[in-house]
Amino acid sequence: MIASLRGTVLDIQLDHAVLECAGVGYKVLATPAMLGTLQRGEEARVMTTLVVKEDSMTLYGFTSQDDRDMFHVLQTVSGLGPKLALAALSVMSAGDLAQAIAGEEAARLQKIPGVGKRVAQRLILELKDKVKAFAPAESADLSSAAPAAAGPVVEDVVEALIGLGFTDKMARPVVESVVAEQPDAATPVVLRAALSQLGAKK
């Protein structure tokens, strides 16, 4: 398993970054919070896990060991794959997820895109005892992320939310509202804020 990568950040997109290590570019899928810590042209070290399927090999990147461990724990739930596990960590940290699961906060878990009442109940039932080891995580400081132009940000974030299962009609007003309140916010910051608001409306 590829447990970590250290190299130069070549590219940063809405859902992934490309790190060049020893002349090889690795595409790493990650949460908005993790992507917000990277800067093009600078060296970075990213904790990773490799998910191997019959037709693909995908790298996922994390800001902390807890997030990576939670990524694996979430996938022990029947019917929950890496895409949904990453979506969960895009909305809440490992510590916050652990609190919600241990506290049987089904409504809070339903803020995660793709998680309805039944999946939330399965998370609680199957993981309540497994998440006790996760300490509450401090809120990530997203204010240091580089600013981006508001126009492209709206379109990019709406596109990312549609990819997560939201409709344009649901996503666009929320994204535009977030950008209006935080006109200098970077794309990962806007995406995370929009995810939180959309989850609260479910």
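From the backbone N, Cα and C atoms, a Cβ is placed for every residue, glycine too.
If you check Swiss-Prot, you get these features:
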- 1-63: region 'Domain I' (REGION)
- 64-142: region 'Domain II' (REGION)
- 143-148: region 'Flexible linker' (REGION)
- 149-202: region 'Domain III' (REGION)
Could you give me three numbers for the region 'Domain I' (1-63), the DSSP helix, strand and coil residue counts?
4 helix, 39 strand, 20 coil
Using DSSP, how many residues of the region 'Domain II' (64-142) fall into helix, strand and coil, respectively?
44 helix, 0 strand, 35 coil
Over the region 'Domain II' (64-142), work out the mean pLDDT and round it to an integer.
87
